[in-house]
Amino acid sequence: MTISLIGLPGSGKTTVGRQLSRRLQVPFFDSDAVIEQQLGCSISEFFEREGEERFRDIEARVIDELTQVPEGVLSTGGGAVLRPENRAHLHARTQVIYLNSSPDDLFRRLRHDKNRPLLQVADPLGRLRELYFQRDPFYRETAHFQVATGRPSVSSLVNMILMQLELGGRAAPS
Ligand SMILES: Nc1ncnc2c1ncn2[C@@H]1O[C@H](COP(=O)(O)OP(=O)(O)OP(=O)(O)O)[C@@H](O)[C@H]1O
Ligand SMILES: O=C(O)C1=C[C@@H](O)[C@@H](O)[C@H](O)C1
Ligand SMILES: [Mg+2]
């Protein structure tokens, strides 16, 4: 089964996902990267030209495809949980892990990053707090379990996830 990572921008979905896929020796997919390949431009550019809703339509199609991959690690865009059909596909077809990070930790990481269109605003920390407030319930609803990403290194997070996956596997009825 594919493992999906969800969480706010900067929570580590791409970084942790890539390392997790190496440890499990399965293919790695990043829905943002797949979308950029299909668009032939950056998500930031597409957001500016076509707007967020057009982006969400394309994202929904890509999530539908990637959640049907039999085995892999799927890192999703931070807003993938906004559409109900994405939440349903992710939860029903994949094992979903929520990388839960506080807005303050994320702000520290993303302060100098210009590639996240939703954070190119006057008060990015306030924006992250709003996004957390709005999306945390969706991330919880979609995930099978969560890990707190504030302090642990990327490799510790990967170890924690692998442990949880093994425990989940053992606890599940056969
Ligand atoms: N556990 C961690 N400890 C320290 N730095 C981290 C950790 N996880 C991620 N980072 C760093 O934070 C930044 C954002 O990580 P990453 O790009 O993986 O986030 P993301 O969740 O994929 O974001 P987006 O939703 O925008 O795609 C990167 O510079 C990454 O190296
Ligand atoms: O949080 C969001 O809504 C987004 C996060 C990124 O991963 C991209 O998917 C895009 O920039 C939108
Ligand atoms: Mg990413």
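For all residues, glycine too, the Cβ spot is worked out from N, Cα and C.
Heads up, TrEMBL stuff is auto-annotated, nobody curated it.
Same-site candidate for substrate binding, as annotated by TrEMBL with D32, R56, R135, chosen from G10, G78: G78.
Of the listed candidates (R93, R116, R127), TrEMBL assigns R116 to the same ATP site as G10, S11, G12, K13, T14, T15. Of all Cβ atoms in the shown protein chains, 24 besides its own fall within 10 Å of the Cβ of G10 (ATP binding site). For T15 (ATP binding site), the count of additional Cβ atoms within 10 Å of its Cβ stands at 16 [all protein chains shown]. Annotation for R116 (ATP binding site): same-chain Cβ neighbours under 8 Å, separated by at least 6 residues, are P9, G10, G78, L110.
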